[in-house]
Amino acid sequence: MWQAIKSVLAAFLGVQKDERRREDFRSERPGTFIVAGVIVGLLFVLLVAFVAVMAAR
Amino acid sequence: MASQLPPKPTPQHSTATAGGMAESGHYRPRGLMRWLLTTNHKEIGTLYLLFSLTMFFIGGIFALVVRAELFQPGLQLVQPEFFNQMTTMHGLIMVFGAIMPAFVGLANWMVPLQIGAPDMALPRLNNFSFWLLPVAFLLLLSTLLMPGGGPNFGWTFYAPLSTTYAPPSTSFFILSLHLAGISSILGAINIIATILNLRAPGMRMMDMPLFVWTWLITAFLLIAVMPVLAGVITMMLMDINFGTSFFNAAGGGDPVLFQHLFWFFGHPEVYIMILPAFGIVSAIIPTFSRKRLFGYASMVYATAAIAILSFMVWAHHMFIVGLPLVAELFFMYTTMLIAVPTGVKVFNWVATMFRGSISFEPPMLFALAFVVQFTVGGFSGLMLAIAPADFQYHDTYFVVAHFHYVLVPGALFAILAGAYYWLPKWTGHYPPLRLSQWHFWLSVIGVNLTFFPMHFSGLAGMPRRIPDYALQFADFNLASSLGGFLFGASQLLFVLVIIKCVRGGEKAPAKAWEGAEDLEWSVPSPAPLHTFETPPTFHPREH
Amino acid sequence: MRRLLVWMAGGLTLAALNPMALANGWNMPEGVTALSRDIYSLHMIIFWICVVIGVIVFGAMFYSLFRYRHSRGAKAATFHEHTSVEVIWTAIPLLILVAMAVPATATLKTMYDASEADLDVMVTGQQWRWRYDYLGEDVAFTSNLGTPREQISGTSEKGENYLLEVDEPLVLPVGQKVRLLLTSDDVIHSWWVPDLAVKQDAVPGFVNENWVRIDEPGIYRGQCAELCGRDHGFMPVVVEAVEPERFEEWMAQRKEAAQQEAMSADREWGLDELMARGEQTYGAVCAACHQPDGSGSPPAFPALAGNQALLEEPDRHISTVIDGVAGSAMPAFRNTLSPVEIAAVVTYERNAWGNDAGDSVQPSEIAERLAAQGE
């Protein structure tokens, strides 16, 4: 799972090594990555929302 | 579910044979019926592309009516009502009738060839999703002839202008958009099914060409947002015909709700129109740089990230509608962040060219122009992301310049690049070189002469969607109109290129371009009606 | 040839960057408020950031195109990724954007602080005019396009402020914080004056807030920015900023005029008088949809000339003007027009363009109806 989250974070940054990519796609189960993507996506929304709320004070 | 299927091709063509459609010697409808009933991905792809080209010229004529009226201040050619119908129809036709079907057409042709599949996974559905389109757009165009005229509320059709104050033909507009939406969803399902199930033995997801990758992600975006569009236009239909008040403030509704729903569809839609373009350019630049794409992995991951982020930025289209401060800040931050993975793609293309061995065939010319001009559109996008400044930019020609830079010298140039790149595969002939170069250079000059001055007129204070303007905007509009007519006329050269290329010309070998690597270049040029009936063995490139 | 191209490119760049050229309507105006100058500087900062990034990216690209041409025998390298370079070129734009977000956030917070205003003005968008209501002052008026139709159709010379002039501008005092409350009677409009850096949607059923503190007296022109139907392009905004003393004088005059108008509703008006006044009001308010010659543009806007229903039912005619027609583009003029204006315009419509009702409607009659409705 941690690997998947790291990959999703790399995706958000837009940088990934070929080697890591091959490892990611070696697993035949995209489920982990989808779950990780949704979780990181939600965390991202919460983080930005938090920053926005703090900035608006 | 899909992941449990082994990555081996299903013998799709044999089912088609059972329907009496495929093998030579069997009964095959001729003439019109052949095209009406075809389930072949190449024929349907051609239909999509021809349809899109037709719509491109119809939408282009509407744009030229607009540009002709704006040639100088004052009302000369058309009245404001008709002008508004022209701007609206131009937008609707170009977005839903020209750009999107062009990408679907390219996907139909190229995705099976690039993954070594014999056809699309669902050929009959493929036929159905194409033939919905001519019906949808005939219906849409027919509204122009109805009493009260066609849609006149802009392609974003904000309520209540598009509900309480709309012409009577609006229900037909809604129906036609429903049909186009269904067509898109079915097309997307088909593309996903094809990519996940029909890849050649040995080709894993990570080996897929970037065009296939970007289309896979685009297809998921389509399935996610098209129902939202369908929902919002259904609510409009109810408001107009059944007395509901979703968007009618007098009945307790909220006009701003419309904008939230529309842009929740509309912003991912922007990426639907640009991600496949990224895929095309990512195929062409390495080919003509004779060097592998720089950062393939980053590109795939960044595309996925952009797809997710594209659902979190919609309200940056609504900065002046009166959102609370926190919402403004949230959408400003997310919008600025989405610029990063997008920018990284441009860096990757430049790095691909760096220390390559570059030649300038027509597809490469268009791809290079895409990179430069799309980046210009990206820059103005970055400026628009700054919410306080957007209070000045919003709804001006600066915005018009921005999205046209992304869509015309951006998405459209990528489509043209793709057409030039794959024409040898489709027709067996290289496009005529001189004519292609003329087409390219006239297009570049025309498109920039049209859209670059719009930055200035917008900053100087010209609102969009006005049929007449104050005198200080006259010079910019004159330039834009001249450019528009030049660009429009030079697209006739493209038709000429296609006709010549179909009729004859220099013969192209299977591998038409020296640096091309993907699977489509392993089948003969022109590609026979049925390819990969025996699945090819795919050897991933050694790294 | 190449040298010529370089010179041309250089000349164009210089022309584009020339501050004089930028000042002459090629760029966003700096404006006349503290906020507009903040926004202008944000705009210029992000513009120069884009220019710098553009020079670097396009420089690298054109260098590669030139240096590594196949025709020059360039051999392609084989590298295809470099993680640290990729991280760097991702991180730098990210940092630039974070740095950019800080001043943008500060400016946005100032824009959203409309508290402690010296004056409140309600701005109401209507197809296709603006109505200004000085809250608590009993002064209100509509502001219509001032450009004559002949200029638009091209039968007469276009004036200097073509399409950017109105019959009555919004008058505001300089140096005072003016709160603008925006709403709409029909579709969404957007009130925009570039020099004031105020653009805010006017949404039916909702009230938006914005504010402005003008530094210099002057006349500032803008337009409706949100597509609002046929005459969206003919709905200008003009703000006249004056010294506070002059503003007080103007306000006193307006109040007196309003009182006189109210008084005049009580007296008996002659047909000619009503027709003259009605023609004026009709031209400003009704002609946009129903056309100057009363021919309308069916089906949305019915013809008034030769309209039998209108001629036979004076009572319904009056209530249509007062209450509008629900679910159509016909607005209620109850609050927009004075009893005198309603009486005049109805009389005009009944007797102009060959309509021969021959009757006249008295302002006192309308005032009574309005009073009865108000109860």
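The backbone N, Cα and C atoms fix where each Cβ goes, and this holds for glycine too.
Residues or ranges marked as compositional bias 'Pro residues' by TrEMBL: B:1-10. For B:35-539, the entry in TrEMBL reads domain 'Cytochrome oxidase subunit I profile'. Residues annotated as region 'Disordered' in TrEMBL: B:1-24. Feature annotation from TrEMBL assigns transmembrane segment to B:47-68, B:88-109, B:130-150, B:170-198, B:210-238, B:270-288, B:300-323, B:329-351, B:363-387, B:399-423, B:435-456, B:476-499.
Taking residue pairs at least 6 apart in sequence, the transmembrane segment (B:300-323) and the transmembrane segment (B:170-198) share fewer than three C-beta contacts under 8 angstroms. Per-residue pLDDT, averaged along the domain 'Cytochrome oxidase subunit I profile' (B:35-539), amounts to 94 for this model. The listed stretches are B:300-323, B:329-351, B:363-387, B:476-499; of these, B:300-323 has the most Cβ pairs under 8 Å to the transmembrane segment (B:210-238). In this chain, the transmembrane segment (B:47-68) touches the transmembrane segment (B:476-499); three or more CB pairs sit within less than 8 A of each other, excluding pairs fewer than 6 residues apart.
It is B:47-68 that, among the stretches B:47-68, B:130-150, B:329-351, forms the most Cβ pairs under 8 Å with the transmembrane segment (B:88-109). Among B:47-68, B:130-150, B:300-323, B:435-456, B:435-456 has the largest number of CB pairs under 8 A with the transmembrane segment (B:363-387). Counting residues 6+ beyond its ends, the transmembrane segment (B:300-323) has Cβ neighbours under 8 Å at 206, 210, 213-214, 217-218, 220-221, 224, 256, 259-260, 263-264, 266-268, 270-271, 275, 278, 331-332, 334-335, 337-338, 341-342, 344-345, 384-385, 387, 390-391, 394-395 in the same chain.
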